[in-house]
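Per TrEMBL, the features are as follows:
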DOMAIN    22-239  domain 'CWH43-like N-terminal'
TRANSMEM  20-42  transmembrane segment
TRANSMEM  110-133  transmembrane segment
TRANSMEM  145-164  transmembrane segment
TRANSMEM  184-202  transmembrane segment
TRANSMEM  214-236  transmembrane segment
Amino acid sequence: MLQGSGILGHDRPLVIRISFSTCVVGTVGLPLLGLITCVFISSVFHYEDSTGTHCQVPNYLPSISASISLSPECHIWRFCIGLHSAPRLLVAFTYFKFYKTRFASKFPESLLTCLNLAFSLFENLGLLLLTYVSSSETYFVHKEGFVLFIVSSIIHMLITCRLWKTIKKYSLSPEDAKSHYWKVRFLLLNLSFCAFAGFFFWKHNVYCESGSYTLFALFEYLVVFSNMAFHLTAVWDFKSREVMVISSSEDKDF
């Protein structure tokens, strides 16, 4: 149950009550913590395995796929992603409800609202695929999950920026303007990092140059970090909202 404010009746006792901002920070923080932990463990304890490629040239950073395919890194990453998935769906449907209310009779915004939810779900599905099917297990499925995640996240961010451009146009709230400002900038950063990551990945596979895979890994990290920063702007969008878990008041006779 999500609401801005309200009074709970005596027949609906409150179990958990947290701010929506805390929920968003936790949702973004879990994969961030998991990624940093996996990269650190891979770099320190599994350096050769995580940085080696078919080119057999020196590399100095593990890619994300390599970092999350080893043990215990894969278990840490899967735990963090699994734990964050339900709150992430909550955020996605909260945005959907917010946009539907805001753009109930407007076109094309009403259509974009549905597409935004769809690509948000595809992004989450892609993340789950690349997480639970590692590159060392079934590379094709892992690769397709990664592509689904990247493409869906970019389209989702593009649609979100388009919707917030309209919101900012008719809103007097400085929070809405700030949210749109940073959404656009994180989107541009994400696109730039994707382009650089793709270029260095291609360069590594074609020319097998020393350091190309390292730069690919670096920009891959930045792609993920900019994506996380984009999702973190929900803190401004739902600043006054709260997430509540309420127990049932039904009496049970034994």
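Placement of Cβ uses the backbone N, Cα and C atoms for every residue, glycine included.
Curation plays no part in TrEMBL annotations; they are all automatic predictions.
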Near the transmembrane segment (145-164), which same-chain residues lie under 8 Å Cβ to Cβ, leaving out any that are not at least 6 residues past its ends?
65, 95, 99, 103, 109, 112-113, 115-116, 119-120, 122-123, 125-131, 133, 176, 179-180, 183-184, 186-187, 190-191, 194, 223, 227, 230
Local confidence of the domain 'CWH43-like N-terminal' (22-239) - pLDDT mean:
93
